[in-house]
Every structure is written in structure tokens, then in C-alpha cells.
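Visitor: Just dropping this structure here.
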Amino acid sequence: MLKYTLSLFLLIQASNRWEVVQFFLFFLSFLFGILSSHYFLISSLGSMLGCDFISFILIFLSLWIMGLVVMSSYKIKFEGNHSSLFLIVNILLLIFLVVTFSSMDYLLFYISFESSLIPTLILILGWGYQPERVEAGIYMLFYTLFASLPLLVSLLSIYSSDFSLTLNVVSQVNSFDFIGVIWYFASVFAFIVKLPMYLFHLWLPKAHVEAPVAGSMILAGVLLKLGGYGLIRILPLFSGMNKLYSGLWISVAILGGFIVSMMCLRQVDIKSLIAYSSVAHMGLVLCGLVVFGWWGLNGAVVVMVGHGLCSSGLFCLANMVYERIGSRSLLISKGLLSFMPSMGLWWFLLSIGNMAAPPTLNLLGEVNLIMSVVSWSSLTMLGISLLSFFSAAYTLYMYSLSQHGVFFNSVYSVCSGKVREYLILFLHWFPLNILILKGSMLIPLY
């Protein structure tokens, strides 16, 4: 894994050449996919880094999404808005993500997990659209830091008792007293906020609305997956305590997802609507992980990949509309079928992906998640049915309100997309729909 990390450091030298960086990121993602072997539990070991099946999938997703981020941010290059610094910040963020996903040591995982916050904050503050971006950045910073400091104390406590923080070597925490409860919540809370779960999600819509397209794509595509990945690594240490509190997480996640779906039906800001929909999807991922079953883990990983591709593509589409109309409001940007007719198909394809229609990855993942949660308790069927229905409802609301109706400008004009934009959308949609034919690629088989 060290060779991929060092190659990304070398890429910083080419930060004034956008085409070179873009080509290298896609080339590295193909190279990583071809050369990585998965015959063993963990491969590419060395320097406290390694790669198992889940790490491989999420590192591959990070490289792919970052290539698309550079591809979709050409406006920054053309405007000359510190374009070299923009690429350096994105490459540093990618390095932190790769180290986080491939870390074999809990302390290194924590350091790189927290370090990914800094480039994201610089992206929002440096290339955001409105003065409110400062408030959004502070929200994100304090939510994440407030939740993460107890995790550091928890990891140091584990080290003081085990004298090791190596992955799969640390023994389980079997304390069930009051201290054990505090220990469990301190460890899990950082990832619950990052995921984010309902009640701790307020930083997400603010960050998405104020972030540039690169910030939104990387937030939706990869950074939310840090929460799910962290839970996969931390929860096995607290398996006994997790059985006691899994009902709490599942009830809040499902009911919170339903409430957020109702809130989506009231949104007029298109980026805010897509951001709130992420909370509903990630609620199901949390349910699958705390149930502690293979169906739940498999479904969570597949939904994380599918949601990363789908949400990133929707944010990219919303930015294309924003660049032409100058507004994110659904009340102003309606009737887009008459203004951007060739984009209507891409809105439809990514919208049905967001509501988990076949043949998208989201369908495969949500079927797995629903089976795992219903097998845990049949009472959850009511909440899941409401969540599934309203997630389809707000997606149809977003599509119909943006595409149909009368365009606000009475002048008849057509503004089709560029070839580069169609390529970006295709590279989001193609893996989202084609990977279901080879679902075993995304299922952790160890």
C-alpha cells in the first residue's frame, strides 16, 4: 500500500497540469484494481498499512471519485482561481483517505481519519460560493472534533490494557458496568456523527450547500463512508455491549430516516435535498452494521459504494444546472427538460438509482440490509416500508419539479451539456449499474 501512497505524493509535483493529474488518478485506480490480490485476509502489508476486501473497495471508490472530482472542476482551472492549490488540497485529501482505509493500526487510523477534515475544510472555505461557508465549515469542524476526542481517549484506554492497537489483534472490551457503557459510546460516537445518523446530521446539509462541486462530490462519495468503515473496525471490539444497544441505534436510524424523508419533501434547495437523502440512506447502513450479521455487512458495503457513486453524480448534475442558471432553487430551475433536454435522461437515470430501482447497486444493497434488519426484528418492517416509500417519493419530487413545468426564462433557449460533462455522468452511472452483474466483487468473502 505504501507504493500507492508515495505515488500520490509524487503527483503533487504535477499540480499545475490538470490533464496529467486527471489521467494519473484514473490510471492509478485501474492499476490498483488489477494488481491487488484478495486470496488472503489481508494483502499488501507493510509500514502499518494493509488492504483487506472492504479496504480495497473503498480505496478504489476514493481513487475513482477523486478522478471525477478533478474532471468536474475544470471551471476553477479556466477561472484561474488558485487551480494548483486546489489540486494539491484534493491530492492531500486522497492521501489521507487511502491511509485511513488501509491502516492496520487504530491510532494511525484515528490520525488520518481526523486529518481528512482539514483539506475538506480548506475546500469549503477556499472555493465555496457564499459567505455562509464560514459558518458551514465551523459547524463541520466542531461536530466532528467534539465527537472524535472521546474516541482518542477510548483508543488510549485500550492500549493501556492491551499494549497494542494493531487491527485484529486487540482483544474485546468485556466491561458491562457504567464505565463500559461510557467507553462504548465514546468509541462509536465519532463514526455516528461522520455517518451521519439522524440527530447528529445538521452539519451535513450546511457543508454540502456551501461547498464547491468538488467538496460535495468527495463528501457524499467518500467522506461519509469513513463513518461506516470506522464502525466496521470498532464494533467488533464491543460486540457484547453492542447487543444491548443495537435496538437504540436501529430505532433512531429508521425513524430518523423516515423523518428526514419527510423533510426532503419540503426542500427547495436541490443540494440540500440530495444532502438530506444521504442521511436516510446512511441510516439503513447503520442498521445493517449494528445487527452484526453477514447480510447486514454485505448490504452496508454495497450501499456505501452505490450511494457514493449515485449521490456524487446527482451533486455533479446540480452543479451543472447551477453554473448555467445561477440558482440552486427548485422553484427557479424547473422546466429543465425544455432548457437542457439532453440532460433529462441523466437526471432520470441517477434519480432512479437514488431510489434503489433495478438494476442499480443500491437495490442489491438495500435488499440485503432489509433482510438483515427484518430478521433481527419483524417490527422494523413498518419503519422500513415508510422509509422506502418516502425515499422514492422525494426522489420523484426532485425529478418532476426540476424537469417538468415552465422554465422561468420566457426566451426559448437550449443549453445542452459539454462532452466532458456527459463523460463524467457516464462514469458515475456505468459502475453503479454494471457492478450488479458481478455482485461478488463487492461482497466481503473472507
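For all residues, glycine too, the Cβ spot is worked out from N, Cα and C.
Keep in mind that TrEMBL annotations are predicted by a computer and have not been checked by a curator.
Straight out of TrEMBL:
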| type | residues | note |
| --- | --- | --- |
| DOMAIN | 1-100 | domain 'NADH:ubiquinone oxidoreductase chain 4 N-terminal' |
| TRANSMEM | 20-41 | transmembrane segment |
| TRANSMEM | 53-71 | transmembrane segment |
| TRANSMEM | 83-101 | transmembrane segment |
| DOMAIN | 103-390 | domain 'NADH:quinone oxidoreductase/Mrp antiporter transmembrane' |
| TRANSMEM | 141-161 | transmembrane segment |
| TRANSMEM | 181-204 | transmembrane segment |
| TRANSMEM | 211-232 | transmembrane segment |
| TRANSMEM | 244-266 | transmembrane segment |
| TRANSMEM | 273-295 | transmembrane segment |
| TRANSMEM | 301-322 | transmembrane segment |
| TRANSMEM | 334-356 | transmembrane segment |
| TRANSMEM | 376-401 | transmembrane segment |
| TRANSMEM | 422-443 | transmembrane segment |
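Could you place the listed features in the three-dimensional structure?
Guide: Taken together, the residues of the domain 'NADH:ubiquinone oxidoreductase chain 4 N-terminal' (1-100) have an average pLDDT of 88.
Counting same-chain residues at least six beyond the ends of the transmembrane segment (20-41), those with a Cβ under 8 angstroms from any Cβ of the stretch are 4, 7-8, 11, 14, 51-53, 56, 59-60, 63-64, 66-67, 70-71, 87, 91, 94, 445-446.
Listed as Cβ neighbours of the transmembrane segment (141-161) (distance under 8 Å, sequence separation of 6 or more from its ends, same chain) are residues 106-107, 110, 113-114, 117, 121, 170, 173, 183, 185-187, 189-190, 192-194, 200, 202-203, 237.
Through the fold, the transmembrane segment (211-232) approaches residues 54, 58, 61-62, 65-66, 68-70, 72-73, 76, 86, 90, 93, 97, 100-101, 109, 113, 116, 120, 123-124, 127-129, 133, 136, 188, 190-196, 204, 271, 274-275, 278, 282, 285-286, 289-290, 297, 300, 304, 307-309, 311-312, 315-316, 318-319 of its own chain, all at least 6 residues removed from its boundaries and within a Cβ separation under 8 Å.
Beyond the ends of the transmembrane segment (301-322), by six or more residues, the same chain brings 54, 57-58, 61, 65, 68, 72, 208, 213, 216-217, 220-222, 224-225, 228-229, 270-271, 274, 277-278, 281-282, 284-285, 288, 328, 333, 336, 340, 343, 346-347, 350-351, 353-354, 360-362, 364-366, 368-369, 402, 417, 421, 424-425, 428-429, 431-432, 435, 439, 442-444 to within a C-beta distance below 8 angstroms of the stretch.
With a threshold of 8 Å between CB atoms, the same-chain residues lying at least 6 positions outside the transmembrane segment (334-356) that come near it are 277, 306, 309-311, 313-314, 317, 320-321, 324-325, 362-363, 365-366, 388, 391-392, 395-396, 398-399, 401-409, 412-417, 422, 425, 428-429, 432-433.
Nonlocal intrachain contacts for the transmembrane segment (376-401), taken as residues 6+ away from its ends with a CB within less than 8 angstroms of a stretch CB, comprise 246-247, 250-251, 254-255, 257-258, 261-262, 264-265, 270, 273-274, 277, 280-281, 283-284, 287, 291, 293, 330, 334, 347-348, 351-352, 354-356, 366, 370.
Tertiary neighbourhood of the transmembrane segment (422-443): same-chain residues 57, 64, 68, 71-72, 298, 301-302, 305-306, 309-310, 312-313, 316-317, 342, 346, 349-350, 353, 358-364, selected by CB-CB distance under 8 Å and a gap of 6+ residues from either end.
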Visitor: State the non-local partners of the transmembrane segment (53-71) in its own chain: residues 6+ outside its ends, Cβ under 8 Å from one of its Cβ atoms.
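Guide: Those are 4, 18, 21-22, 25-26, 28-29, 32-33, 36, 38, 87, 90, 93-94, 97-98, 101-102, 213-214, 217-218, 221-222, 225, 229, 232, 301, 304-305, 308-309, 312, 316, 420, 423-424, 427-428, 431, 441-442, 444-446, in sequence order.
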Visitor: Where else in the chain does the transmembrane segment (181-204) make close Cβ contacts, counting only residues six or more beyond its ends and a cut-off under 8 Å?
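Guide: Distant Cβ neighbours of the transmembrane segment (181-204) are 113, 136, 139-140, 143-144, 146-148, 150-151, 153-155, 157, 173, 175, 219, 223-224, 226-228, 230-231, 234-235, 237-238, 241-242, 245, 249, 252-253, 255-257, 259-260, 275-276, 278-279, 282-283, 285-286.
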Visitor: DSSP-wise, what's the residue breakdown of the domain 'NADH:ubiquinone oxidoreductase chain 4 N-terminal' (1-100) into helix, strand and coil?
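Guide: Residue counts for the domain 'NADH:ubiquinone oxidoreductase chain 4 N-terminal' (1-100) by secondary structure: 75 helix, 7 strand, 18 coil.
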